[in-house]
Amino acid sequence: MKFSEGDQVLAKLPNSKDFEKARVVDIKGGKYKIQFKGGVEHTIPESDVKAQRVSRSRSRGRPPAAKPKSPAVTRKKSPARKSPARKKSPARTTTASQARKLSVRAARQAKVTLSRLDDPTDTSSDTDVTERSKSVLDDDYAPLQTRLKDNVRATRRSIRIAASASKAETEKKLYQLRGADRAASLPAERKNQYKVSPDGKSRGMSAQRDEDLLKVIAYDSETDVDVESDGSKSKKAKVDLSKPQEWGGWLGALFLSFALPLGSILLQMACGNEQCSQKLLRVPRLRDLKQWRNFISLEASLAYAGFIAFVSIISILPIGSTVDGQQSRSGKLQYRVNGIFTLILSSAIFGGCVYQGYDVVDFLLQKSLPLTVIGAIFGVFLAIILYIKGGKVPVSHLNMYGTTNSVIYNLWQGREVNPRFGNLDIKVIIFRTAIIGTTLIDLAAIVKIVKEAPVYDLDHLNLATLGVAGLQIFYSIDSLVYESVWMTSFEFMYEGTGYMLTVGYLVYPYLATLTTRFALFNKVNIPIYSFCIFTALFFAAFFVYRKCNNQKNEFRKNPFSSSLSHLETIPTKRGKRLIVSGFWGYVRHPNYLCDILMHIALAGFSYSLDILPAFLALQVVFLLCHRATRDNARCAKRYGYAWEQYCSRVKYMICKPIF
């Protein structure tokens, strides 16, 4: 072979006609493994490799100068000398002293031989190459030179180590800079970053133009070229997001828009007035509807409106830490994490009312029907307001799955993901309202048991009610303590805030406490061993649930953390990584599985086959399975081939080997 390992050569990149400066890394048969500028390596045939041209100070085609008589007066042919084949020109005439100076300079430079690129478009002189060749060489091989000492021969192992270290460092820097300059932050105190459009309207704090964002949101039905793993190109159709994609389209959204509030009201009709049984489930008769006061109560309306206002006011107070949400097209929104403070303050007010003798316990337990009705009404009005508001916000704030050509579907899904009125984030408010409302109803059930018990022992205390209410309060407290972790969930980051969430959250408190009120009104007696089994199942599932969510949250913040170094990951084209080991390597949504197990444990405290105490568990199973399916479809579009690799490693979404 012409060259050996470590030689500087000129080589052609694949599918290129130009030679570039490179280094021989390895020799395989009749081919060379070449390292080009930037550390890129290719194996190319010997015909595409040639030696670097040695730089010379004299011009080509000129005869060599006469042999000098003495080394001290070595001269070459000066450019000022007359060529026998050319006529003498005034521009070529120089003095003898100038000729001597030029010849001496050329003689000194002739002793230095450095390589240069044989580029036909290069018009620089040989002198320029000799003066800057060292800096060019350093720039071309900076990653390798920093790893190797001078005068040390590069080996294949040292080159591989240098290349892998350089790749890891580059990947880390790219992740740290990901999204740094894409969008500006959106806190209220940075209003000077707003950009005003020519028509005078504020377009928000997006760093992208609305026209560019429309290309992402308004997909068409044209085909797109995708590169497969083997390098071949295949055409796949883009998804037409102008048509409803989820929930059965606009017909499914229309059906659910009626089923959600009406189903919640029917369940409360079967569980109220000290009675709770599936036998009471029936469609209201005309005679029942005439007693409209059972459904609408001014007292309940004012109480629910005041509670929502109280949660909203506390949420915007400068109490608690401020965290940044995830990066979105419109930037990073900031959130005040004070949900646990709101819960403590609400519980203190509840305790004060009980201590002062106000009948707040019976109000919460007996007014379940009017409170659910008014919650559904508030949710519908809020969804309509947010729909109207979504038509006036910048494109960067829109939910791409809620910008279809169907008004019903857009209303159900929500036009915005995180709608705001000033500093008031609507999704955070309704989430806290649901969690704190559930806690207050559970506290009311516990107070009622304690008040009615003649003796505080296991025979007279309702263990089933105490167990399910206590565990549900624990679950609610955990949700608000780790509120910042919830802000990295699918529901918070990608789910639109529409009819589904506004109505669903505002009727949630009385749906979530069906098991508690069933055990309370029916005075369920549960054996102590069953109590221990269901409690152990709940805490076992909760431990894994919290571990999974915390690990996911930490990985999203810093995937290079030393505590996560044991996890296997798959890189994606978007710069993110997918975990394929540990809990997240068992199923794709281990947190969903644990959430389902916790609700099954809560339903078990009823010790009954009645549908009412099991309703919440069944609802959670349906919602999380459907959400996992939606998330899987969205991730397949978002990550492409990387998601296919991930699914081949982690085959089941929630429960192996069922689903």
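Backbone N, Cα and C define each Cβ position, glycine as well.
Curation does not apply to TrEMBL; its annotations are automatic.
Feature annotation from TrEMBL assigns region 'Disordered' to 38-141 (among others).
The helix, strand and coil residue counts that DSSP assigns across the compositional bias 'Basic and acidic residues' (39-51) are 4 helix, 8 strand, 1 coil. Annotated compositional bias 'Basic and acidic residues' per TrEMBL: 39-51 (among others), in sequence order.
Annotated compositional bias 'Basic residues' per TrEMBL: 74-90, in sequence order.
Sequence annotations record features per position, and here TrEMBL assigns compositional bias 'Polar residues' to 91-100.
Look at TrEMBL and you will find 186-207 (among others) tagged as region 'Disordered'.
Here TrEMBL flags 188-207 (among others) as compositional bias 'Basic and acidic residues'.
Residues or ranges marked as transmembrane segment by TrEMBL: 292-317 (among others).
Taken from TrEMBL, the feature transmembrane segment covers 337-357 (among others). With a cut-off of 8 Å between Cβ atoms, the residues of this chain six or more beyond the transmembrane segment (337-357) that come close are 310-311, 314-315, 317, 319-323, 428, 431-432, 435-436, 439-440, 443-444, 447, 476-477, 479-481, 483-484.
Annotated transmembrane segment per TrEMBL: 369-388 (among others), in sequence order.
The transmembrane segment feature in TrEMBL is assigned to 429-449 (among others). Distant neighbours of the transmembrane segment (429-449): 307-308, 311-312, 315, 339, 342-343, 346-347, 350, 354, 360-361, 364-365, 382, 461-462, 465-466, 469-470, 472-473, 476-477, 479-480, 486, 501-502, 505-506, 508-510, 512-513, 516-517, 520; these residues of the same chain sit at least 6 beyond its ends, with a Cβ under 8 Å from one of its Cβ atoms.
Annotated transmembrane segment per TrEMBL: 497-514 (among others), in sequence order. Counting same-chain residues at least six beyond the ends of the transmembrane segment (497-514), those with a Cβ under 8 angstroms from any Cβ of the stretch are 256-257, 260-261, 264, 267-268, 271, 276, 368, 371-372, 375-376, 378-380, 382-383, 386-387, 402, 410-419, 426-427, 430-431, 433-434, 437-438, 440-442, 445, 472, 612-613, 615-616, 619.
Remote same-chain residues near the transmembrane segment (526-545) are listed as 458, 463-464, 467, 471, 475, 478, 583, 590-591, 594-595, 597-598, 600-602, 604-605, 607 (criterion: CB distance under 8 Å, separation of at least six residues from the stretch ends). Among the features that TrEMBL reports, transmembrane segment is placed at 526-545 (among others).
Annotation comment: TrEMBL describes 596-624 (among others) as transmembrane segment.
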